[in-house]
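A short write-up of the structure that comes next.
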């Protein structure tokens, strides 16, 4: 935690906010502090948290990925149609989903870095292409069904005697978090942050900036694939499953204090941002605040979070005359 | 609606931050208005979405016997007042036009497939069938209607996107071609006929009466709604709310799911955690029914009494688990009726000025009669399409 605090001014608040929210939930609903309830909360938050990790890679490198929500929808709908209740098709279809994720991430990355299309436009276009394609293919109503095996990671867990069930999704989330932290501590992680901070300087230093950014898009698309497997497992087939997830993921990353435009922020804080968002929804739900108000609250928070971060970061970043002291990544 | 909202949201993306707040409509009266356990007074009448006379009429219509062939419910009518259409009679074959609000949800998708199949049954009478999809945009549908009327349509079928906004466009069309309106209505009686099932009050009341009977006085019911502000959905809840209050059912929550299965499952999980147990689930739209039930399964709780809809995956779950369930319906077979009515008008045959279709309810006894295996999970059983050519392949089996 000390390391996190020292690492970037805007990192710490999200953990405090998370703690406050969890305490607030526990006050409203004392059952919440039981392990089973906390794990159920983690299970629900896992897909968004994984998406936030993926989105973090892209945002910290100075880009956006708006295509993840529709990619999740495509993956779930494709999985349902191809599996169609056939247990033996589960693994091949999962392999296919991963390949599809790789392909979409690669396309996003190559179009952005090689054709110089701003990632905002690339991934917005990809969002429309994917949602249009899925609509065309399904005619608005998904077909087929997921196998029981496909639904295990999102729905089931390991029974631990005397404790209860630990959901697979919570374990997967922990693994993803550990992997992301390791990655950000590696040399590649450092070049990723440096690319987002100042891509020209980084390129002059000999870093293959385009390749680093493309990899970030691929990681984001792979995170979306994992989120799709968990979400499809959690709640079954739906043509709405990914709707709005790109904005929730970006909200989560911003809440974590990661600067839009790149170069600053920690991956764990982005993940915590997703947990904050999910905790907030849980709290609003427990307080009986309607779903319609959730998006309003989400909008207010995201503006407040960015304003707060900008106020802290602005002074050091804006004046171009003063050489920007490059942050010490990770 | 989904795609246009995504586009709008995405386009607003430069201000990413605003996008998250773009659907900030607050439901009238707040979401959680739990009715106290032994409530005696019904909720105040006179809300924007409650019309006592229409409510009473629909509840009474449920007990009426429909006229017409019992094995063809899309041809049946309740309390029809027939009108003469001789002045519209023309020599065939005809050019029939259709202005569709959208095909953006599975219900409309099944309906649209059924309608096209119905047109194919009448290829001797319908030379051309021109359909324009407004993509859930009022503006697009207004210009669609103008475009169709400006063409050489002999009859125009309209499934309006919204009631008030489309009224002037429909009125303008009425002066030029016979107009047939179905599903949502318009605020004018210029169309030759308006086709619709009994209605939302009847739907909500049937579901609530069933649940009240199952959970008993003081039983806990969670109401799952799609979103606020849509009249047919508001009617369903308005009728249910009154019945729950009158029967002393403890409504522990009224939540909006936006038809997102993950949201629905999360909400139900939260309520199970908070309430310990829930005896019944009331839904104004059955799409998330299976997800709601899975929340009980995952929490290790007995499955509740539930009112869903005639959606395939729900019916399959019902049969597999032997649920205590009921499915009021808003039948997709009305899409057939629209084509039938257009042809009757063009032949100069009498049609009812308001064609009220029966609204069957699926229950434990007739479930097997409605459930047809092999159809896609989001198929709607009351399509009236089982005897049509290419069934079930055309419907996605």
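Glycine residues also receive a Cβ, built from the backbone N, Cα and C atoms like all the rest.
All annotation found in TrEMBL is predicted automatically rather than curated by experts.
Residues A:89-108 are the range that TrEMBL records as transmembrane segment, among A:89-108, A:189-208. Of the candidate ranges A:89-108, A:115-137, A:166-184, A:244-260, A:292-310, A:244-260 has the most C-beta pairs within less than 8 angstroms of the transmembrane segment (A:267-286).
By the Cβ criterion (distance under 8 Å, sequence gap of 6 or more), the transmembrane segment (A:166-184) is not counted as touching the transmembrane segment (A:115-137), fewer than 3 such pairs being found. In this chain, the transmembrane segment (A:38-59) lies out of contact with the transmembrane segment (A:89-108); the count of Cβ pairs under 8 Å, excluding pairs fewer than 6 apart in sequence, is fewer than 3.
Scored by C-beta pairs under 8 angstroms, the transmembrane segment (A:216-238) has its highest count with A:38-59, from the stretches A:12-32, A:38-59, A:115-137, A:244-260, A:292-310.
Counting residues 6+ beyond its ends, the transmembrane segment (A:38-59) has Cβ neighbours under 8 Å at 32, 65, 68, 72, 119, 154, 157, 164-167, 169-170, 172-173, 176-177, 180, 192, 196, 215-217, 219-224, 226-227, 230-231, 234, 245-246, 248-250, 252-253, 256, 258, 260, 262, 265, 267, 270-271, 273-275, 277-279, 282 in the same chain. Across the candidate stretches A:115-137, A:244-260, A:292-310, the maximum count of CB pairs under 8 A to the transmembrane segment (A:12-32) is reached by A:244-260. Tertiary proximity for the transmembrane segment (A:292-310) is limited to same-chain residues at least six positions away from its ends with a CB under 8 Å from its CB atoms, namely 10, 13, 247-248, 250-251, 254-255, 257, 259-260, 277, 280-281, 284.
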